[in-house]
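Colleague: Mind looking over this structure? Questions follow.
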Amino acid sequence: MPRCKRKNRKSCRSDRLAPRLHSPRAKPRGVGANVSRIPLEAVFRNRSIRTEICVRSPDRTARHVAIIMDGNGRWAKRKHLPRAMGHRKGVEAVRELVRSLKDTSIECLTLYAFSSENWKRPEDEVDDLMNLMRKFIKSDLPEFIANDIKLHILGNWQGLAPDIVEMLEDALQKTSKGSRTLAVALNYGSQAEITQAARKAAEAGEVTEEAIERHLYSAPLPPLDLLIRTSGEVRLSNFLLWQAAYAEMLFIDVLWPDFTPDHLKRALADFAERERRFGGR
Ligand code: FPP
């Protein structure tokens, strides 16, 4: 088993966590102990490659979590249902997750709902996704307001259908006083985001990291702490490429419609055990 390379540490992941992670009978202790038991090795991929990371203080909390919600289509296929059903169940998973935010440390949850590349999907699927968006805003806006959720949109959302733009403008205005942010990436592509931010920075005569950051869609959001992708795929798909520079990553073998608030709590517990060095040592 690999040894922790850092000096003066009482314990490290290689010594303390690896045995329980890989033993199906081992019981969780410490940070994640009060989270209901799903065998970690069944849910989180690539645990073993992180066995050299030392454990940090257990009070570490993630303020900003982003999720690539992947696997709606596969979920539907496995159940012999139309793809649209997978997306519909995906919206239900979103709803439950947003409801659970008040029980977490998360100040901002960013969801990748529609990428600028998703226009390449068949027209009826794009229509389904847009209709789900309309229904979601209409049905859930009162709950956002009641639960102090502030909506933020990333992406070229003004390029969506005029009625959706109007609904979003209304939702942004009505939730503007909320204390916890739900950021939704719509018609979003990270390379385009960085390009337009760099262009604006250049036009203003200051091409620095700080100036570019000020022009990103994410400018008002806290720094990204944790990026999760569901469905077992391990790639970023043009999502938050700048913001993820020092984010922790978690790739989970759960299809998005099956993702629950419990998975999120386990992800937060996993995050709390990581040591982030931001390039230092
Ligand atoms: C990827 O699954 C998912 C999407 C492209 C859309 C995500 C959208 C939702 C969860 C619903 C809309 C969200 C809101 C906030 C209203 P996929 O279809 O690519 O799955 P597959 O890889 O299994 O085919």
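Heads up, the Cβ atoms here are built off N, Cα and C, so glycines get one too.
Feature list, courtesy of TrEMBL:
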- ASP70: active site (ACT_SITE)
- ASN118: active site, proton acceptor (ACT_SITE)
- ASP70, GLU248: Mg(2+) binding site (BINDING)
- 71-75, ARG83, HIS87, 115-117, TRP119, ARG121, ARG229, 235-237: substrate binding site (BINDING)
- 1-11: compositional bias 'Basic residues' (COMPBIAS)
- 1-32: region 'Disordered' (REGION)
Colleague: Quick check: in three-state DSSP terms, what is TRP119 (substrate binding site)?
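Modeller: In the DSSP reduction, TRP119 (substrate binding site) maps to helix.
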Colleague: What's the CA-CA gap between GLY73 (substrate binding site) and the residue listed as 'active site, proton acceptor' in angstrom, rounded?
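Modeller: Cα of GLY73 (substrate binding site) to Cα of the residue listed as 'active site, proton acceptor' measures 13 Å after rounding.
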Colleague: Between GLY71 (substrate binding site) and ASN118 (active site, proton acceptor), find the distance joining the two CA atoms and give it rounded to the nearest Å.
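Modeller: That comes out at 14 Å between the alpha carbons.
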Colleague: Quick one: of the recorded positions ASP70, GLY71, GLY73, HIS87, SER116, LEU236, flag those whose CB is under 6 Å from ligand 1, and say none if nothing qualifies.
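Modeller: ASP70, GLY71, GLY73, HIS87, by Cβ distance under 6 Å.
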Colleague: Check the Cα distances from ARG229 (substrate binding site) to each of the recorded positions ASP70, ASN118, GLU248 and keep only the ones within 10 Å.
Modeller: ASP70
Colleague: Rounded to a whole number, how many Å is the Cα of TRP119 (substrate binding site) away from the Cα of ASP70 (active site)?
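Modeller: Here the two Cα atoms are 16 Å apart.
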Colleague: Please name the residue among the recorded positions ASP70, GLU248 whose C-beta has the most neighbouring C-beta atoms within 10 angstroms.
Modeller: ASP70
Colleague: Between HIS87 (substrate binding site) and GLU248 (Mg(2+) binding site), find the distance joining the two CA atoms and give it rounded to the nearest Å.
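Modeller: With the alpha carbons as reference points, the distance is 27 Å.
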Colleague: Who sits close to TRP75 (substrate binding site): which same-chain residues at least 6 apart have their Cβ under 8 Å from its Cβ?
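Modeller: Same-chain residues close to TRP75 (substrate binding site) (Cβ under 8 Å, separated by 6 or more) are GLY86, LYS89, GLY90, LEU255, TRP256, PRO257, ASP258.
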Colleague: Any same-chain residues 6+ apart from SER116 (substrate binding site) with CB under 8 Å of its CB? Would you list them in sequence order, or say none?
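Modeller: Sequence-distant Cβ neighbours: GLY155, ASN156, ASN187, TYR188, GLY189, ALA192, ASN238.
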Colleague: Name the residue among the binding-site residues GLY73, HIS87, TRP119, ARG229 whose Cβ has the smallest number of other Cβ atoms within 10 Å.
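Modeller: Output over binding-site residues GLY73, HIS87, TRP119, ARG229: least Cβ neighbours within 10 Å is TRP119.
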Colleague: Which ones are near GLU248 (Mg(2+) binding site): of the recorded positions ASP70, ASN118, LEU236, which have a Cα within 10 Å?
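Modeller: Correct set: empty; none qualify.
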